[in-house]
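Novice: Quick one: the structure is below, and I'll ask about it shortly.
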Amino acid sequence: MPITLAAIREAYAVLGLQEGASLEVVKSTYKQLALRTHPDKDPNNPNATAQFQKLGEAYNVLSKHLDTSQHSHHYEYDSDEYYDSDDDFSEEDEEFAAERDAYFRSLFEHIFYRAFTSYSHARFRREYVRSRRQEESNEEFQERVRQNREEQDRAEQRRKREAQIRKARAEEDREKERIAAEKRQRAKKEAKQAQAESERQKAETAARKQREKTQATRSAVFAAARKGDASRVKKGVWEEDVDAAGGEIKPGYEEFVKLKPKDQRETLLHIASSRGDRDLVEWLDAHNADIEERDSQGHTSFHTAVHHGQIPVMNYFFENHSHKDPDTQAIYTTRSSKSTLTLAVESRVPEVVQIVLDEGLCSTQEANDTWSWMVSADGRQALVNKAGQSSSDTLKAYDCIMALLMQHGGFTPPSTPRVSCSNKDQSRRSSDNQIDRDEVFSDSRPSGASSSSSHRGRGQGRGGGRGRGRDRGHGRGNPHIRPDS
């Protein structure tokens, strides 16, 4: 049979040898592999026989190839040529063939002996059992069958009990695992809840501290405004993010204020207006302050300036937020029982009253109501008796304001109280007081006109008509008083 170079290379690869290995190496390697891969060595391997045969074929190819290569005449061939060496044998091949036959003979005897021995033992056991059965009587046989059946029943019961035990144990294990899993899930859930609660408390604590700090800063800025510290107010608004709008206490921050203000809706603009700090009012107006905000009495910061007689602040509002502009008229309207004119009268500053009248910030009805309150006993007492001022100063301011109202609204002063003739001293004092009041009225008219014309460069209108009594109307009117709408 011709042998190709590819077959020789494959044979070397099957034996795991390098090409060009000697015949002795091939023989030794083949013996080792044959003993190790024989089918009897690995009966469970269905490919053992094929592997063993493949080793034999590889050995035959290499033995023929190596024996031919040792002849005196060397046959050279290409990779595509074939050559047949079946007729070329050597003594070494005969020796190897003899060794191979002896090996397979011993292997066959070993396998056959094992099979024969196993067959002999099995046959002996069958014959022994058969002989014993032949020696048993019918009763013994029945007894043996009964015992076997009982044994089978007991075994069946035992298996059932064991199965039940295994089932119960498995059920118990599953229950334990379920309880353990629930416990783990519950612990995991509780841990998550605890962590979330801890984080929530930390966040709440941090937020609370931040709110407390924010409110403390805001209260400090308001306190500085009440003291007149404008630089501290500007620093708080500009550098510390204090909102210029709103009251001192931020909504929801009430718990952080130890000393609450009298008016919680009083803004920084109200405070600056009450103190007459025009520069601070202007600065707050330019830094997000709401000029239309009102305090708890419904007054804007303009009304606060009027009530405290702060003319520079009033002029700032007139110059920058005209009361004739529909967009800013809300600054000058009141939402309380007191009109702007009443607030001006309560300031006890005649020039403030003059400005309100000149700007037309009161209606005819408001002027009538203010006059009626002024000439009443309660009004006179409230205006004259002012803490921190002498009675002569407040009385003089009262008379000047009354003169302005009479001049602008055509009102008449209240009649002089009737005096008893039996008391001459009292009659004399009453006459003196009446003379002094008439002098004040006559002196207040030119003084009021001068004050009115100087507050913003405007002239004063000419006086009103003749009055007809205290509570029964007024004269022909005044162009500076806004008519009722």
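Note: Cβ is positioned from N, Cα and C throughout, glycine not excepted.
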Novice: Between 29-49, 71-91, 323-343, which stretch does TrEMBL give the note region 'Disordered'?
Specialist: 71-91
Novice: To what whole number does the mean pLDDT across the domain 'J' (10-81) round?
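Specialist: Mean pLDDT for the domain 'J' (10-81): 77.
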Novice: Other than its close neighbours in sequence, what residues sit by the repeat 'ANK' (264-296), given a CB gap under 8 Å and a spacing of at least six beyond its ends?
Specialist: 221-222, 225-226, 228, 230, 233-234, 237-238, 243-249, 302, 304-305, 307-308, 310, 312-313, 315-317, 320-321, 328, 330-331, 335
